[in-house]
Amino acid sequence: LNPWDVMLCVSGTAIACENALVVAIICYSPALRTPMFVLVGSLATADLLAGLGLILNFVFQYVIRSETVSLLTVGFLVASFAASVSSLLAITVDRYLSLYNALTYYSEKTVLCIHTMLAGAWGISLCLGLLPILGWNCLHDHAACSVVRPLTKSNVTLLSASFFLIFLIMLHLYIEICKIVCRHAHQIALQQHFLTASHYVATKKGVSTLAIILGTFGASWLPFAIYCVVGDPDYPSVYTYATLLPATYNSMINPIIYAYRNQEIQRSMWVLFCGCFQAKVSFRSQSPSDV
C-alpha cells in the first residue's frame, strides 16, 4: 500500500464523518432552515461527498482496477471539491450581502438569490466533474497527462484558473467586509463619543476571524493549484500527494469554522444527541455577518 493513499483515505474518512454530522444536524433541526444554514448545509454536503470520493478512490484503486471506474471516481472528486469551493464563495457573498444590504437581507429576494447561487455552483461543479468522463482525459494520450492522472493539462489548468478567480473574488469580498465592520465600529464610536474596549475587541476579533478563514482556504488549496499549473507529469508523484493532501484538509476544517462554532448548531447537537435540552446558558440566533 502507498502510505500517501492511506493518508488520503484516512483524511477522507475524517472528512466524511465530520460533515455527515453537520448534514444530519441541519436536516434534523427545523429551526435551521435559514439561508445561512442552507449554505452551510451545501458546503457540508459537498465536503461529505468529497470525503466519500477519497474513500472510494482508495478502494477502487486497490480492489477494482478499471479505467472506467478511475474516470468515475476522479470526476466525482472534481465535482465534489468544486462544489465545496463554490459553496465557500457563496457563503462569502452571503456574508457580504448581509452587511452591505442589512435592511433588505431578510427578504424573499435574498432566498431566491441564494438558491440561484447554489444551483449555479452545483451545476458548474457537475459539468466540471463530467468533463473527464465525457472524453477530456489522457487515457489514450499519455503525453497530454497532467500531474493528476487521468486529467489532461488543459483540464487542470482550467480548474486551477477557476480556483484563482474564486480566491481573488473571496479576497476582495473579505476586504470589503473588513471595511464595513470597521466603518460600523467607527460609527458606533461617534455616537457614543468613544470606542469602548468591547467594540475594539469585537472588531479585532471579527477581522482576525476573516483572516483565519481566508488564510486557511488559501494555505490549503494554493499549493496544489499552483503545482497543477507548473508541475510536470514526469515529476515524482510524491509532489502531487504532498500538495493534494493539505487541500483535503480544507474540507476537514470547514465544519469547524462554519458549523461547529455556531451556537445554533451547538444547541441542535445537544438536542440530537440528548433528546432534550436544558441549557444554563442562552443561545442567540446568529446572522451570516457574525464572524
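A Cβ is built for glycine as well, from the same backbone N, Cα and C atoms used for every other residue.
Feature annotations, reproduced from TrEMBL:
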TRANSMEM  6-29  transmembrane segment
DOMAIN    18-258  domain 'G-protein coupled receptors family 1 profile'
TRANSMEM  36-64  transmembrane segment
TRANSMEM  70-91  transmembrane segment
TRANSMEM  112-136  transmembrane segment
TRANSMEM  156-175  transmembrane segment
TRANSMEM  207-226  transmembrane segment
TRANSMEM  238-260  transmembrane segment
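Outside the transmembrane segment (238-260), and at least 6 residues removed from its termini, the chain residues within Cβ reach (under 8 Å) are 4, 7-8, 11-12, 14-15, 18-19, 21-22, 25, 40, 43-44, 46-47, 50-51, 54, 81, 84, 88, 91, 147-148, 212-213, 216-217, 219-221, 223-224, 227, 231, 266. Confidence annotation: the domain 'G-protein coupled receptors family 1 profile' (18-258) carries a mean pLDDT of 86 in the model.
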